[in-house]
Amino acid sequence: MDFEALTKYSALHPKPAGLTLQYGTAGFRSKAEQLDHVMFRMGLLAALRSRATGSTIGVMVTASHNPEEDNGVKLVDPLGEMLHPSWEEYATQLANAEEQELQKTLTEICQKAAVNQQKDASVFLGRDTRPSSKKLSQAVIDGVSVLGGQYHDYGLVTTPQLHYVVCCQNTRGQYGKPTLEGYYQKLSKAFMELIKKSPGSGEGQRHLKIDCANGIGALKLSEMQPYLPKEVLVHIYNDGTKEKLNHLCGADFVKVHQKPPKGLDMKPNERCCSFDGDADRIVYYYTDTAGHFHLIDGDKIATLISIFLKELLAKVGQTLKMAVIQTAYANGSSTRYLEETLQVPVHCVKTGVKHLHHKAQEFDVGVYFEANGHGTVLFSKAAENTIRQLAKEEKDDAKREAAKVLENLIDLINQTVGDAISDMLVIEAILSLKGLTVHQWDAFYTDFPNRLLKVQVADRQVIDTTDAERRAVTPPGLQEKIDALVKKYKFSRAFVRPSGTEDVVRIYAEADTQENADALAHEVSLAVYHLAGGRGAPPQPL
């Protein structure tokens, strides 16, 4: 390690005094002007991770659904998955090390992780459309370069596209070609094969309005349009030419506010969807003839995909184990429908995509979606091989055709991470093949009314949880209080969990009516305020 060059470059990316940051589920996020040193150091870390794994590592500069003035960075592991938890700790240590401790911290990481510094290092880099992203990407490049690593800068890409090319590179092309063209070709080919089989194939065009959150999704979707069949008419809104990224639009805005984004005109029963700023989340929605807004979130997306997969798996006649993975935020009505009506096993895990992804890997077919619209489907290697073999060799026509549909679905799904473009094409294909309208899809089950609130506290760490964050262990008396409040309402449940990034406690409540859900959420927020060190004025009723 050239410590002289390191010291010289590090001085160009100084750490602001007193700033400490934590590598969370989505990496680092903060105001863009605070992140220059973090980006430089994540370039260093990516080079070390590459040497430790003997693989290409990805670095994505984005703050996803956060406001435009924020930015962030996340590292992508060899198979396109999220950074290994042991390295999350190294990332936090490195980001927070003072200038004079930087060399020592790097040396310690190399020792603990057995990094062979003689090995080559290879890093793929991508960024979103924020004004700050180009400069911050350069800081990452400085970090990779100072440790003698090679880098390939993909420039403006969606987060899932970077995950995809990293996986393609490290599987030596087995997963696909590590280029954007390779991504567009693989997805569009699989999509076209699927919709060929739809009952109304070739008749009329399927219109879809897409709010791209004024982000990178608009750019990449426009690039992909020539690859898509003429039967699919995608109308892009909030393309970033006029308004700010994520401002009053995007998947997070629509989900939280339960209303359409600014800049998209909706007619009754028209299918619409929203991406988030880096295009790894998607939610659908429509308004009915009475003008009521209907959100179709990650839970309903998981349900649609599960119905389709279950039918196909039954047709191919294989005993492949399928499960749906949810978090505590999943609507109770969706869990009930999946378990009781569909008879699909449901597993609940802690909030955060990495927990869902990890659990989904335990099954032949694992469907996971957070309620916010981030999710995908994972097929085990054995399941994938079985399906591809059946598609080629099965003598029974019906079984072979079902296997072919599954094979195309495998190719259409981005298994590395939630991907708004890929998920959108999967949903459109399923709706087309099953001849479903958006209204019929929405009618699978009715969500229990719910409310999400947050309470400012002096220290979020006073809240500790268990049972996939559904029950509070500390502070004493809080869970007993929540249990007593829940008993007052029908079909109700409530839980609290500390935020991963700020001193707030998040409260989720569900009940038989919106009025009761709101009342329960308010009462639980008061209990949190009084028992967990609330700050400021007590929460007011909604």
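Each residue, glycine too, has its Cβ placed from N, Cα and C.
The annotation domain 'Alpha-D-phosphohexomutase alpha/beta/alpha' is assigned in TrEMBL to 51-100, 111-166. Residues annotated as Mg(2+) binding site in TrEMBL: S64, D276, D278, D280. The active site, phosphoserine intermediate annotation in TrEMBL covers S64. As annotated by TrEMBL, domain 'Phosphoacetylglucosamine mutase AMG1' applies to 206-283, 297-435. Under the heading substrate binding site, TrEMBL lists E370, A371, N372, R497, P498, S499, G500, T501, R506. Sequence annotations record features per position, and here TrEMBL assigns coiled coil to 388-415. The domain 'Alpha-D-phosphohexomutase C-terminal' annotation in TrEMBL covers 452-525.
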Same-chain residue ranges lying at least 6 outside the coiled coil (388-415) that approach it to Cβ under 8 Å: 80, 160, 163-164, 186-187, 189-191, 193-194, 197, 308-309, 312-313, 315-318, 376-379, 422-423, 425-426, 429, 433
Count of other CB atoms lying within 10 Å of the CB belonging to S64 (Mg(2+) binding site): 27
Residues flanking the Mg(2+) site, with Cβ no more than 8 Å from the Cβ centroid of S64, D276, D278, D280 and excluding those residues themselves: T62, H65, D128, T158, T159, G215, A251, F275, G277, A279, R281, H374, A420
Dominant neighbour of the domain 'Phosphoacetylglucosamine mutase AMG1' (297-435) in 111-166, 206-283, 452-525, by Cβ pairs under 8 Å: 206-283
Binding-site residues (D276, E370, P498, G500), the one with most neighbouring Cβ atoms at 10 Å: D276
C-alpha spacing of P498 (substrate binding site) relative to D278 (Mg(2+) binding site), in angstrom: 25
Whole-number Å value for how far D280 (Mg(2+) binding site) lies from R506 (substrate binding site) (Cα to Cα): 23
Helix, strand and coil counts within the domain 'Alpha-D-phosphohexomutase C-terminal' (452-525) (DSSP): 24 helix, 26 strand, 24 coil
Around the Cβ of D280 (Mg(2+) binding site), the count of other Cβ atoms that are within 10 Å: 32
